[in-house]
Amino acid sequence: MVQVKKICCIGAGYVGGPTCSVIAQMCPGVMVTVVDVNEDRIQAWNSDSLPIFEPGLQEVVESCRGVNLFFSTDIDSAIQDADLVFISVNTPTKTFGIGKGRAADLKYIEACARRIADVSTGCKIVVEKSTVPVRAAESIRRIFNANTKSTLSFQVNPSFLQLKICCLTMSVLSNPEVLIGGDESPEGQCAIEALRGIYQHWVPKDKIITTNTWSSELSKLAANAFLAQRISSINSISALCEVTGADVEEVAHAIGTDQRIGSRFLKASVGFGGSCFQKDVLNLVYLCEALNLPEVARYWQQVIEINDYQRQRFSSRIIGCLFNTVTDKKIALLGFAFKKNTGDTRESSSIYISRYLMDEGARLHIYDPKVKKEQIIQDLSQPTLSHGEDAQRVSQLVTIATDPYSACENAHAIVICTEWDMFKELDYERIYKAMLKPAFIFDGRRILDSLHDQLQHIGFQVETIGKRVSQRIPFTGSNEISKPEQLLPSKKLKQ
């Protein structure tokens, strides 16, 4: 078996940085070097202010950095010295050309493969850590085969952490389930064993699954698609609950007690976010279309459409409750990360809800305890999300607050988009006194359920996902329907 003594990870983002930090901590005899073309990012990894927030990450990095964990921009030297190379670069959804809006853009993967082939000597194990479409490993292998020198050999192995959640949190990295794919040839099996040897420093044998290359790639897409499907399923039920008087939390609990279903990922919310779910489902849709499986493609496309619908429906509910207009009204948006305990905003529902409210002219005051102002402005200024004048529009309509109380002062409504624990502990009497009346709270994460009676006693009008909390009177005529109901198909409504 190949003894791995040196690892190079290309890509110092949300996958490469935390994963290799844990590897360095768990494998003190292995030298780990994380490289990136982004000098600012590498400088941040070498500083006291890391570019990524995850609970426990700072302590892990500080314990290993300069010992057997290094961050560098010298990519070629790190590749040359390494026995094993992780490819952990971004694989975004294509924004133009064939497959626009669905297919994964593999230009960074290809660039890495060509660079590895160009500077390498000897034997290298190359591991895909990025989420990639099925048969991406074959593309990498073809590049290697076309550029390999006589003294050079490669083995390409997809390797994924089979996570119960999309984001690589430190607690999950410390106790993961690992999926390793590889060729069934003797060389491929040797590479699998070498990679297994790294993970076995802290992962039990029965939690390391090995498959052939293609099964491992498809398994990662399928796993994220199934998790996203569960979220969209319970969110679709939440819409039904709001118009029937049922409580989606009670429904989720009831069906979750059925062992055939289970309780995980049955939490209704404003929709799923993060880098994996939407990208991987869209990738799966494109794959099915390319392989002439249109019925399968349409099935998985519905998972994305329900997620979009949930965000639009929640935004329309805010507008409807605020008398059908939010123009020039101050709205406090609490939480911008896609989930609590992270600074990751990729595909966060907060971005889309902000966009919908900005399109109606709302003045947003946004607070998140871990997302930097520059990141929020950048996310809301993306040309694919807003109008052509987005940068100027964002500066006019968006204010980044330094604390939740200033965000809520003189606001018409509070919108909770991320389930940060601190939002359960705010002084809501103080907040209510400083708001315009009637004062609304829109709980998009169901974190205030235990406070509903208290909030209503204070004077708040409370609205939440999947439940009728209080009788609201939307600003409509006697023969009209409220805004949220208008989003339902007309044939479902009793006229």
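Cβ coordinates come from backbone N, Cα and C, glycine included.
Features of the protein shown, as given by TrEMBL:
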type	residues	note
BINDING	11-16, Asp36, Arg41, 89-93, 130-131, 276-279, Arg346	NAD(+) binding site
ACT_SITE	Cys276	active site, nucleophile
DOMAIN	332-450	domain 'UDP-glucose/GDP-mannose dehydrogenase C-terminal'
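Positions of the features from TrEMBL, shown on the structure.
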{"residue": "Gly11", "record": "NAD(+) binding site", "Cβ within 10 Å": "25"}
{"residue": "Tyr14", "record": "NAD(+) binding site", "Cβ within 10 Å": "22"}
{"residue": "Asp36", "record": "NAD(+) binding site", "Cβ within 10 Å": "23"}
{"residue": "Asn90", "record": "NAD(+) binding site", "Cβ within 10 Å": "18"}
{"residue": "Thr93", "record": "NAD(+) binding site", "Cβ within 10 Å": "18"}
{"residue": "Cys276", "record": "NAD(+) binding site", "Cβ within 10 Å": "26"}
{"residue": "Lys279", "record": "NAD(+) binding site", "Cβ within 10 Å": "22"}
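In the domain 'UDP-glucose/GDP-mannose dehydrogenase C-terminal' (332-450), helix, strand and coil residues by DSSP number 45 helix, 19 strand, 55 coil.
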